[in-house]
Amino acid sequence: MMDEKRSGVDTPLYPYEEEGIITSGNRHTIGERDVFGDEKDHQIKYKTLSWQLVAVLMIAEIVSNGMLSLPSSGGVVGLVPNVILIVFLGIFGTFTAYLLVQFKLNHPEVHNMGDAGYILFGVVGREVLSAGTVIFAVFATGGQLLAGQIALGVLSDSRLCLMLYTGIFTIPTLIFSFPRTLDRLSWLSVPSVFSILIAGIVGMIGAGLNPLAGRTTSLFLQPTFVNAFVSVTNPVFAYAGHFMFFILISEMRNPKDAMKAAYTLQGFATTYYTVFAIVTHWYLGNGVASPSFSSLPPVWAKAAYGIAIPNFLIAGSLYAHTAAKLIFLRLFRHSKHLHSHTVIGWGTWTVLILIMNAASFVLAVGVPIFSYLIGIAASLFASWYTYGIAGAFWLHDSYYLTGEGTRAWKRRPTMFVLSVLTFAAGGFICVAGTYVIITLIIDAYNSGTVPPPFQC
């Protein structure tokens with residue numbers, strides 16, 4: 001049983017007490033259970049981030065190339081349903097962010113989704129969610145490399161082999177992902193945020209000044225289930241950054257401020273996505289391309305893509321950094337190699353960074369259906385990390401940490417129902433999204449539109 005009983009529906013489930021955390025009936029100080037512990041005498045200090053810099057990192061990671069697919073979703077389901085979906089998923093993402101942050105505050109030893117999986121489901125949960133995090137991060141890095149490939153191709157009028165553009169873009173992505181702490185990457189993320197913000201504004205201005213002649217902009221459409229659900233996976237992927245929240249919060253000076261960063265992220269992303277999707281779709285019509293910058297006149301496309309390049313670079317670096325750090329922490333947690341400048345520590349970190357970036361490059365240029373595989377990864381993992389698993393976090397902690405079991409669920413029926421629905425929504429997006437993407441892959445092969453691997 002716990003040291004203190006909670007009673008009343010208004011009592012916070014997740015107390016973050018000044019002297020420590022109450023969990024599983026025991027009182028622990030932050031230093032005993034925190035991921036990085038007391039760093040006073042350490043050479044490498046991780047817990048340096050303010051909530052403002054965490055918000056910048058979140059925006060740089062999430063508001064990126066996924067945004068450029070949102071207008072095309074409107075061309076499938078119609079402008080109004082697309083906007084409703086973007087706003088709903090943004091609000092839903094804010095709710096699940098709250099659940100993730102509270103779970104982290106209650107379990108400060110959690111560094112990543114794998115650690116959370118261990119608390120929920122034991123060893124199997126740890127391995128599955130850890131592997132999913134690494135796979136999704138590598139695929140997301142590859143997605144940013146493809147975005148960089150497109151940008152460099154547009155800027156140079158495709159004078160070089162596309163694979164070469166991807167290789168060129170991989171090099172700075174690797175370099176920027178190399179710092180051991182997120183504090184170094186946070187300052188690089190500041191220009192990254194301005195980059196995607198200005199690029200989107202330039203894209204909207206270009207669309208407004210050069211509306212597509214003879215365009216049709218439909219408010220409502222009646223697509224097939226497969227086509228309609230693609231419009232769901234696009235914004236799901238555009239909001240898919242929650243899998244990094246535990247890692248980011250672990251490097252904060254004051255984790256209690258994490259929701260300030262999450263509110264900033266979700267407010268910015270939801271507003272920006274909505275405005276961008278409306279303006280771009282309105283002026284470029286139902287046939288707007290994905291990425292939408294490619295539907296702009298050449299000069300405007302070059303300007304938008306050129307300005308967006310820093311964001312593609314930093315977002316890719318953050319994903320590669322995340323994949324490497326999960327494994328690095330798994331290997332060296334509580335060892336001197338984590339906090340000291342050792343040959344083994346830096347050697348392992350270098351190898352991990354090289355592997356993650358190399359894997360992303362090979363997937364991006366060597367797998368003809370890689371863009372579809374990104375969709376599958378988003379369906380399998382982002383559906384849970386961004387939405388579904390957050391419901392399980394609340395159900396777990398309300399059951400175990402109050403010492404009341406199912407009585408805690410009965411005392412808070414609204415949160416219980418919302419958590420169950422959140423978990424169910426994650427499952428639905430996972431199954432339906434995977435089915436839709438596999439269907440698209442089969443159609444692509446049947447129509448002969450799948451290119452050969454490693455092509456220029």
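Keep in mind that glycine also has a Cβ here, set from the backbone N, Cα and C atoms.
All TrEMBL annotations are machine predictions without curation.
Remember, it's a predicted structure, so these values are computed and weren't measured experimentally.
Feature annotation from TrEMBL assigns domain 'Amino acid transporter transmembrane' to 48-438.
Here TrEMBL flags 49-71 (among others) as transmembrane segment.
Taken from TrEMBL, the feature transmembrane segment covers 83-105 (among others).
Annotation comment: TrEMBL describes 117-140 (among others) as transmembrane segment.
Under the heading transmembrane segment, TrEMBL lists 160-178 (among others). Using a Cβ-Cβ cut-off under 8 Å and counting only residues 6 or more beyond its ends in the same chain, the transmembrane segment (160-178) has close neighbours at 141, 144-146, 148-149, 152-153, 185, 188, 312-314, 316-318, 320-321, 324, 350, 353-354, 356-357, 360-361, 364-365, 454-456.
Outside the transmembrane segment (185-205), and at least 6 residues removed from its termini, the chain residues within Cβ reach (under 8 Å) are 49, 53-54, 56-57, 59-61, 63-64, 67, 176-177, 179, 272, 275-276, 279-280, 292-293, 296, 300, 303-305, 307-311, 313-315, 317-318, 321. Per TrEMBL, the feature transmembrane segment maps to 185-205 (among others).
Residues annotated as transmembrane segment in TrEMBL: 225-249 (among others).
Here TrEMBL flags 261-283 (among others) as transmembrane segment.
Among the features that TrEMBL reports, transmembrane segment is placed at 303-322 (among others).
For 343-363 (among others), the entry in TrEMBL reads transmembrane segment. With a cut-off of 8 Å between Cβ atoms, the residues of this chain six or more beyond the transmembrane segment (343-363) that come close are 137-139, 141-142, 145, 166-167, 170, 173-174, 177-178, 180, 316, 320-321, 323-324, 327-328, 331-332, 336-337, 370, 373.
Under the heading transmembrane segment, TrEMBL lists 369-395 (among others).
Tertiary proximity for the transmembrane segment (416-442) is limited to same-chain residues at least six positions away from its ends with a CB under 8 Å from its CB atoms, namely 92, 95-96, 99, 225-226, 229-230, 232-233, 236, 369, 372, 375-376, 378-380, 383-384, 387-392, 394-395, 398, 409-410. Taken from TrEMBL, the feature transmembrane segment covers 416-442 (among others).
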Stretch winning on C-beta pairs under 8 A with the transmembrane segment (369-395) (pool: 117-140, 261-283, 303-322) is 117-140
Taking the transmembrane segment (117-140) as the first stretch and the transmembrane segment (261-283) as the second, find out whether 3 or more Cβ pairs fall under 8 Å, excluding pairs closer than 6 in sequence.
-> no
Stretch with greatest number of CB pairs under 8 Å, the transmembrane segment (261-283) reference, 49-71, 83-105, 225-249, 303-322 candidates = 49-71
Residues of the parent chain within Cβ reach of the transmembrane segment (83-105), under 8 Å, 6 or more residues beyond its termini = 13-14, 16, 21, 70, 73-74, 77, 116, 231-232, 235-236, 239, 242, 245-246, 249-250, 255-256, 258-259, 262-263, 265-267, 269-270, 273-274, 277-278, 386-387, 390-391, 393-394, 397, 418-419, 422, 425
Residue numbers, six or more beyond the limits of the transmembrane segment (225-249), whose CB comes under 8 Å of its CB atoms | 49, 54, 57-58, 61-63, 66-67, 69-70, 72-74, 76-77, 81-82, 85-86, 89-90, 93, 96-97, 100-101, 104, 110-113, 115-116, 133, 136-137, 140, 182, 255, 258, 261-262, 265, 269, 273, 290, 318, 322, 325-326, 374-375, 378-379, 381-383, 385-387, 390, 429, 432-433, 436-437, 439-440
Who are the chain neighbours of the transmembrane segment (49-71) in space, where the CB to CB distance is under 8 Å and they lie at least 6 residues beyond its ends?
-> 82, 86, 143-144, 147, 182-183, 185-187, 189-190, 192-193, 196-197, 200, 234-235, 237-241, 244-245, 248-249, 251-254, 257-258, 260-262, 264-265, 268-269, 272-273, 276-277, 280-281, 284, 288, 290-293, 308, 311-312, 314-315, 318-319
